[in-house]
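Notes follow the structure.
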Amino acid sequence: MSRHPEVKWAETTEKIFLTVVLADTKDTKVNLDPEGVFDFSAKVGPENHVYELKLELADKVNVEESKINIGERSIFCIIEKAEPERWNKLLRVKKPPHYVKVDWDKWVDEDDEGSAGAADMDMAGMEGMGGMGGMGGMGGMGGMGGMGGMGGMEGMDFSKLMGGMGGMGGMGGLEGLGGMGGMGGMGGMGGMGGMEEFEDSDDEEETAKSGDKKDDAVKEEGLATEKAPAAEETTSVKEDK
């Protein structure tokens, strides 16, 4: 036997905000047709309890512009009205069932629709929402099966995803950090080893200069030795005279 989940709703002139309060759903199916008939079914829990809904909305809707988000705690729908006007009720029936309640947290009075708060509420939960149109052929909303596409993350090949990360070429450029291997170029600081060669060349130059000085000293010494006998010869000549 199926059960009925709690349903909350609010409206603006152009939209209906519909929340099916049901956590951790499986095999979730949603269908919305242009006449405003909303069908929902899902399984919950280890025993796969079945929850179902069939709501005949107060007026026609624009399925293609409507959106849905299947979350962990609830299923949130933004249903676009076919004609922009206040319905003042959710269903065609005079007395709604006990599980259908007004969502006062999202309710916006007609006079307040242009306010920033109303705009924020309109955008709430929009991130990650899929269109209800073309959702798998479930009457316009059948596309909601496409919401399985949301679950499609489960079927995503993460190796390809990571490969795509490689596509963040700049990140691949981190291989350039291998260029940090270029820090090995700091080994080029080994070229600073060239500083040692530079110092050696200085030493050699100084040694060479020192050797030159020694050679000069030896030459001067030789000259002095050569001049000495001449002096002696002069002395002996004088003595002979």
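Backbone N, Cα and C define each Cβ position, glycine as well.
Annotation source Swiss-Prot lists compositional bias 'Acidic residues' at 196-206.
As annotated by Swiss-Prot, compositional bias 'Basic and acidic residues' applies to 207-224.
Per Swiss-Prot, compositional bias 'Low complexity' is recorded for 225-234.
When the domain 'CS' (2-91) is classified with DSSP, helix, strand and coil residues number 0 helix, 57 strand, 33 coil. Annotation source Swiss-Prot lists domain 'CS' at 2-91.
Confidence for the region '17 X 3 AA repeats of M-G-G' (129-194), expressed as mean pLDDT, is 43. According to Swiss-Prot, the feature region '17 X 3 AA repeats of M-G-G' maps to 129-194.
Taken from Swiss-Prot, the feature region 'Disordered' applies to 188-241.
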